[in-house]
Structures are given as structure tokens and as C-alpha cells.
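Have a look at the structure below before the remarks.
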Amino acid sequence: MDVTRLLLATLVGFLCFFTVHSHLALEETLGDDRSLRSNSSMNSLDFSSVSIVALNKKSKKISRKEAEKRKRSSKKKASMKKVARPPPPSPCVATRDSCKPPAPACCDPCASCQCRFFGSACTCRVLNPNC
């Protein structure tokens with residue numbers, strides 16, 4: 001009995017070890033590390049020098065203003081992209097009102113007549129608010 005428990009404990013330990021080991025990132029070998037260092041030093045010589053320029057207060061204010069203008073224009077474009085909905089039919093049922101089958105269609109084009117309790121209680125509901 002103790003031998004089987006010992007074997008099961010060993011098996012569980014190995015399974016845990018292999019599970020953790022399989023999820024760890026693979027480490028680079030020394031040979032790969034040397035080749036990476038030599039490649040990175042050669043590649044760094046290929047790039048041109050970069051100069052860092054400090055911004056003054058006026059340029060910061062201008063960039064903020066430009067960013068605000070861009071944000072406003074993008075909001076306006078997003079609001080303009082909405083497609084105009086067709087006008088509702090003249091005899092129509094408002095949202096959340098009763099719309100039993102002989103009743104006319106729902107006023108909201110995104111709403112549909114949804115019936116519950118075996119068709120005894122029907123109401124106009126908007127199923128997709130992003131319609």
C-alpha cells in the first residue's frame with residue numbers, strides 16, 4: 001500500500017515538473033548568445049545617429065491644440081457615419097408596448113415583436129442597441 005502511494009506521489013511530482021517545464025520559455029544556449037551579440041553590434045553600426053530636440057512651450061501648446069482638433073474631427077466623422085433610419089410606418093407600436101400579431105409593426109426599425117408565455121404576452125423590444 002505504501003509502495004503504491006509512493007509511486008503515485010512520484011508520478012504526480014513528475015507530471016507537475018513536466019507541466020511547469022513545458023510552459024517555461026526556452027533559454028538560449030551560450031553559442032546562440034554569442035552570435036546574437038555579434039549580430040547586434042554589427043547592426044548598431046548600420047543605423048544613423050539620432051538627435052534629440054527639446055520642445056518649447058509654444059510647440060507643446062500647438063501640438064495639444066492640434067490633438068484636440070483631430071479628436072473633435074474624428075468624433076464628428078464618427079457621428080456623421082451613422083446611416084439615417086427610414087421613417088416608421090404610420091400605424092405602428094411604440095417600444096415596450098403590446099404588439100400581438102394582428103397589431104401593426106414596431107415603430108423602431110431595430111425593434112422586433114417578441115412573444116412570451118406561448119404567445120400570450122408580446123412586446124416590441126430592441127434586441128441590438130447598436131443597430
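Think of each number as a place in line: the chain as shown, counted from 1.
Even glycines carry a Cβ here, placed using N, Cα and C.
When Swiss-Prot is consulted, the disulfide partner of Cys106, picked from Cys16, Cys124, Cys131, turns out to be Cys124.
Reviewing Cys110, Cys113, Cys122, the cysteine that Swiss-Prot connects to Cys115 via a disulfide bond turns out to be Cys122. Candidates considered were Cys110, Cys113, Cys131; Swiss-Prot assigns the disulfide partner of Cys99 as Cys113. Among the candidates Cys92, Cys110, the disulfide partner that Swiss-Prot records for Cys107 is Cys92.
Within the group of disulfide-bonded residues (Cys99, Cys115), the Cβ with the highest number of other Cβ atoms inside 10 Å belongs to Cys99. The average pLDDT for the domain 'Agouti' (92-131) in the predicted structure is 81. In terms of DSSP helix, strand and coil, the domain 'Agouti' (92-131) has 0 helix, 15 strand, 25 coil.
Within 10 Å (C-alpha to C-alpha) of Cys122 (disulfide bond) lies none of the disulfide-bonded residues Cys92, Cys106, Cys107, Cys110. Of all the disulfide-bonded residues listed here (Cys92, Cys106, Cys107, Cys124, Cys131), Cys124 has the Cα closest to the Cα of Cys113 (disulfide bond).
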